[in-house]
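What follows is a short report on a single structure.
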Amino acid sequence: MPVGSLRAAAVLLLGIAQLPPSSAAPRNGSKWTYVGADGERSWFKKYPSCGGRLQSPIDLHGDTLQYDASLTPLEFQGYNVSADKQFNLTNDGHSVRLNLPPDMYLQGLPSRYTATQLHLHWGNRNDPYGSEHTVGGKQFAAELHIVHYNSDSYPDISTASNKSEGLAVLAVLIEKGYFNPYYDRIFSFLRYVKYKGQNVRIPTFNIEELLPEKPAEYYRYRGSLTTPPCYPSVLWTVFRNPVTISQEQLLALQTALYFTRADDPAPREMINNFRPIQNFGVRLVHASFQEVQILPGTGLSVGIILSVALAGVLGICIVLAVCIWFFRRKKGSKKGDNKGVIYNPAIKMETEAHA
């Protein structure tokens with residue numbers, strides 16, 4: 001090789017060796033995070049869709065809701081997974097993920113949507129509000145997402161993920177309350193997937209048991225993935241009714257996991273892995289039920305408040321009517337006291353007249 005070529009190669013290698021550390025991939029392998037330089041506010045720089053249209057999550061409130069009688073109950077096919085199989089539970093560096101079998105799918109949507117995985121979003125022990133969607137401004141403790149792809153049109157989730165309505169996600173809102181034995185079938189294994197990249201095989205169970213009561217009541221809208229690349233490809237179904245988990249179960253979720261690998265010198269707790277509410281724009285949210293509006297700060301429906309107000313006005317009218325009736329009756333009785341009294345003017349006796 002000519003000397004000039006060797007010299008050029010040496011310069012090139014030296015230049016590569018002197019590249020700044022920031023050009024290397026992060027040690028934990030993450031291309032994005034929820035906070036810091038690669039946090040949610042910077043996602044759009046690497047993933048343009050994150051700053052684009054139809055982004056999720058959103059706040060579900062009365063001004064955007066429209067009742068849609070065509071929204072029928074979903075059919076959950078293959079959700080009761082055979083006991084002779086196993087689920088794979090893994091820490092993917094962003095959440096805890098449960099991989100789902102390909103014979104699990106949804107019916108009742110425009111196409112058949114096959115399940116691929118489920119995962120959760122949550123807050124932290126000091127601020128235990130970590131749901132992504134909110135309802136009337138109310139944020140819940142956590143949120144479960146069951147992810148499906150349009151298997152009628154696409155061969156796999158990778159192909160479907162950036163297509164219009166290529167994905168369908170079921171969202172379950174989770175609040176603190178009673179112990180939930182169904183969710184514990186996931187939570188009891190969290191200690192085995194403490195760090196990114198760890199996984200464990202766990203017994204199968206009926207995924208439908210993770211859904212809330214009255215699953216026929218839900219919100220439906222077109223939105224996006226809530227994590228990069230944020231493709232606006234999701235047909236969202238957010239169930240109206242939340243499920244509960246206990247304080248102990250919520251604490252386990254908030255403290256058991258790390259974003260980082262076991263050998264990372266700067267471990268980071270997996271907390272606050274939720275995206276803030278996004279601009280709603282001109283979209284509509286369709287509801288499969290007739291919405292009962294709740295007046296903020298009261299916990300009472302608008303209908304109940306209007307009924308109470310109407311009853312109060314009616315009560316005042318009745319009181320006024322009774323008062324007027326008594327007043328008129330009293331006035332009439334005074335006039336009646338003078339009846340039968342004959343007024344005779346004084347007549348001077350004739351004897352007095354001729355005195």
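Even glycines carry a Cβ here, placed using N, Cα and C.
Residues annotated as active site, proton donor/acceptor in Swiss-Prot: HIS94. If you look up Swiss-Prot, you'll see THR226, THR227 marked as substrate binding site. Marked as disulfide bond by Swiss-Prot on the basis of similarity to another entry: CYS50-CYS230. Sequence annotations record features per position, and here Swiss-Prot assigns domain 'Alpha-carbonic anhydrase' to 30-289 based on sequence analysis. Residues or ranges marked as N-linked glycosylation site by Swiss-Prot on the basis of sequence analysis: ASN28, ASN80, ASN88, ASN162. Marked as signal peptide by Swiss-Prot on the basis of sequence analysis: 1-24. The annotation topological domain 'Extracellular' is assigned in Swiss-Prot to 25-303. Swiss-Prot lists 325-355 with the feature topological domain 'Cytoplasmic', giving sequence analysis as the kind of evidence.
Overlay of Swiss-Prot feature records on the structure.
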residue: CYS50; record: disulfide bond; Cβ contacts under 8 Å, 6 or more apart: TRP43, PHE44, PRO228, PRO229, CYS230
residue: ASN80; record: N-linked glycosylation site; Cβ contacts under 8 Å, 6 or more apart: ASN206, ILE207, GLU208
residue: ASN88; record: N-linked glycosylation site; Cβ contacts under 8 Å, 6 or more apart: LEU98, ASN99, ASN199, VAL200, ARG201, ILE202
residue: ASN162; record: N-linked glycosylation site; Cβ contacts under 8 Å, 6 or more apart: PRO229, TYR231, SER233
residue: THR226; record: substrate binding site; Cβ contacts under 8 Å, 6 or more apart: SER56, PRO57, HIS121, GLU132, HIS145, PHE274, ARG275
residue: THR227; record: substrate binding site; Cβ contacts under 8 Å, 6 or more apart: TRP32, HIS94, ARG275
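In this structure, the recorded positions under consideration are HIS94, CYS230, and the one with the smallest number of other Cβ atoms within 10 Å of its Cβ is HIS94. DSSP assigns CYS230 (disulfide bond) to coil in the three-state reduction, outside any helix or strand. Here the topological domain 'Extracellular' (25-303) has a mean pLDDT of 94 out of 100.
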